[in-house]
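**Student:** Sending over a structure as structure tokens; questions will come in a sec.
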Amino acid sequence: MNTKSHMPLTNSLFCFLFLSSFVYGQLDYKYYDATCPNLTKIVRYGIWSAVSNETRMAASLLRLHFHDCFVNGCDGSVLLDDTSTFTGEKNAPANRNSARGFEVIDAIKANVEKACPSTVSCADILTLAAREAIYLTGGPYWSVSLGRRDSLTASQSAANAQIPSPFEPLENITAKFVSKGLDVKDVVVLSGAHTIGFAQCFTFKQRLFDFDGSGNPDPTLDSSLLGNLRSVCPNQSDSDSNLAPLDAVTINKFDNVYFKNLMNNSGLLQSDQALMNDNKTASMVSTYSKYPYLFSKAFAASMVKLTNLGVLTGQDGEIRKNCRLVN
């Protein structure tokens, strides 16, 4: 038998295995099976309890996870309070007075610490929390690989530069996604998370009263929605923090109605409705508006990509005892 003929196959297999482990580090679906077997149950109960208390919290936790992952990877950096040595992400404009759910993560972490001290990272808890929140509100369920470690620092300047803003044009938002290894499909699919949750009036008020500095509303905004929004967000500064649902039709249900709203010119944020102004993204919006199953499947796949961004594994980072503080 000529062993040389098998060499290329062996080399290819080695390269594939090496690259696979390189890309996903040491994340593993069974990472805590031996060291913290009840982890998923503890997180699930914590999310059930929090969302039962306040339905909006499901969307808040998903947003918190997204903002964590978009700034130097899914490393729990968004959870850190400012210290004398660094200014963290909590007070970046994208998070100040809007990022929520820190107390929910603290409570879950405390219960996890009781069961499995110094074992599970805050980054993994936040990743699982987002999955459970989506599932609890009617969204898809997907397997989460675990073993992320927590960052030793946080960066407000990185948050300012990296988190997509609802005020940005679609091409800028897409460029931020692409810089993370995501693509335009992920932009559309993950925007579909706006099927739940609320936005503060200041994030879309310009569309109601002074679009493009013209003194007129955004001409693409559905007229009945415009009337409703103007009553929630009158044209005065003290209405800036008032809340409007991102999907006014099925406010607390994770479904594909967000895409139906876009088809009817009823997207709340300018960055949402902008998906209809590009042929490629508009085509995807149309597909997801018709086929909820396709959206669910695509959302789970995009979330898997998101949750693997820039993770710390092995000896990098640490396992925080308190999610707000480096050990």
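Residue numbering: from 1, along the chain as shown.
Glycine residues also receive a Cβ, built from the backbone N, Cα and C atoms like all the rest.
Where the annotation comes from TrEMBL, it is an automatic prediction and has not been curated.
Just so it is clear, the model here is predicted, and its values are computed rather than measured.
For reference, TrEMBL lists these features for the protein:
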- His67: active site, proton acceptor (ACT_SITE)
- Asp68, Val71, Gly73, Asp75, Ser77, Glu89: Ca(2+) 1 binding site (BINDING)
- Pro164: substrate binding site (BINDING)
- His194: heme b binding site (BINDING)
- Thr195, Asp247, Thr250, Asp255: Ca(2+) 2 binding site (BINDING)
- 26-327: domain 'Plant heme peroxidase family profile' (DOMAIN)
- Arg63: site 'Transition state stabilizer' (SITE)
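Describe the structural context of each listed feature in the structure shown, including burial, neighbouring residues and relevant distances.
**Tutor:** Using a 10 Å radius centred on the Cβ of His67 (active site, proton acceptor) and all shown protein chains, the other Cβ atoms total 22.
The number of other CB atoms found within 10 A of the CB of Asp68 (Ca(2+) 1 binding site), across every protein chain shown, is 29.
If you draw a 10 Å sphere around the CB of Pro164 (substrate binding site), it holds 21 other CB atoms from the protein chains shown.
All chains included, 24 other C-beta atoms sit within 10 angstroms of the C-beta of His194 (heme b binding site).
Cβ environment of Thr195 (Ca(2+) 2 binding site): Leu246, Asp247, Thr250, Lys253, Phe254, Asp255, Asn256, Val257, Tyr258 lie under 8 Å away, each six or more residues apart in the same chain.
Long-range Cβ neighbours of Arg63 (site 'Transition state stabilizer') (same chain, at least 6 residues apart, Cβ-Cβ under 8 Å): Ala99, Arg100, Ala193, Gly197.
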**Student:** Given Glu89 (Ca(2+) 1 binding site) and His67 (active site, proton acceptor), what distance in Å do their CA atoms have, once rounded to a whole number?
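**Tutor:** With distance taken Cα to Cα, His67 (active site, proton acceptor) is 9 Å from Glu89 (Ca(2+) 1 binding site).
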**Student:** Using a 10 Å radius around its CB, how many other CB atoms surround Asp247 (Ca(2+) 2 binding site)?
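**Tutor:** Result for Asp247 (Ca(2+) 2 binding site): 27 neighbouring Cβ atoms inside 10 Å.
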**Student:** Find, among the binding-site residues listed as Ser77, Thr250, the one whose Cβ has the highest number of other Cβ atoms within 10 Å in the structure shown.
**Tutor:** Ser77
**Student:** Cβ distance under 8 Å to Val71 (Ca(2+) 1 binding site), same chain, sequence separation 6 or more: which residues?
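**Tutor:** Counting only residues 6 or more apart in sequence, the Cβ neighbours of Val71 (Ca(2+) 1 binding site) under 8 Å are Ser77, Val78, Glu89, Ala154, Ser155, Ala158, Ala159, Gln162, Ile163.
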**Student:** Near Asp75 (Ca(2+) 1 binding site), which residues of its own chain have a C-beta under 8 A away, given they sit six or more steps off in sequence?
**Tutor:** Asp68, Ala123, Arg148, Arg149, Asp150, Ser151, Gly310, Val311, Leu312, Gly317
**Student:** List the same-chain residues at least 6 positions away in sequence whose Cβ sits under 8 Å from the Cβ of Gly73 (Ca(2+) 1 binding site), in sequence order, or say none.
**Tutor:** Leu309, Gly310, Val311, Leu312
